[in-house]
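J.: Okay, handing you the structure first.
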Amino acid sequence: MVAVSLKMSQPAAPPPPMGERARTRMLLALQSRGIHDPRVLEVMGALPRHDFVDEALAGHAYGDATLPIGEGQTLSQPYTVARMSQALELGYGMHVLEIGTGSGYQTAVLAALCRRVYTVERIPSLALLARERLERMGITNVRYRVGDGTLGWPEPRPFERIIVTAGAPATPERLKRQLEIGGRMIIPEGGKLNQQLICIQRTGPESWQRDVLEACRFVPLVGQQGWE
């Protein structure tokens with residue numbers, strides 16, 4: 001596999017009992033479902049996913065299931081994280097906007113695969129926990145904001161990649177405008193319970209190409225240009 005730096009200044013906490021075996025099973029399951037980007041597999045195999053959930057759930061961290069993280073939010077199943085990360089087609093020099101920090105796990109995956117992550121979380125308590133968690137791990141190439149993610153990053157700037165980790169009724173216009181020409185966005189669109197995972201590529205100043213990747217299920221994207 002390709003060597004990937006996780007940009008950690010401190011070693012990760014040791015995995016729980018059976019953790020290494022569970023990680024191996026997780027990676028094999030991801031590969032069997034079409035995850036082939038060696039960088040994504042390397043990063044997800046190295047990250048201590050159990051550190052992103054309550055201790056009581058640590059034994060379930062590497063199973064292919066969503067897990068609660070509080071405030072009615074969830075940590076996406078490993079396949080979903082891997083699928084979205086792979087679909088972004090990340091480069092190490094890229095700046096990535098993430099809407100929905102959540103536990104910080106997806107943020108950590110992105111941080112290992114690009115130059116800098118700009119992440120927005122609307123729930124202050126989750127944003128604080130995620131920031132503390134990532135800083136403890138020594139991940140330093142992330143900028144954090146608390147606010148309405150449907151409005152994008154507060155300072156106007158283009159991003160090569162945008163990832164949205166909650167289901168939107170439609171793609172927020174502000175996010176479309178913050179995607180640079182030639183850039184790519186991965187976003188779940190649809191109803192509150194079921195969505196389609198969409199890849200949006202900006203092809204010109206006023207043109208975007210949309211492709212449906214697969215069915216998915218996310219918590220609702222709440223905000224001015226999302227759900228109430």
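Cβ coordinates are placed from backbone N, Cα and C, and glycine is handled just like the others.
Copied straight from Swiss-Prot:
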- Ser76: active site (ACT_SITE)
- 1-20: region 'Disordered' (REGION)
J.: For the residue listed as 'active site', which DSSP three-state class applies?
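T.: Reduced to three states, the DSSP call for the residue listed as 'active site' is coil.
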J.: Please report the number of other Cβ atoms within 10 Å of the Cβ of Ser76 (active site).
T.: 24
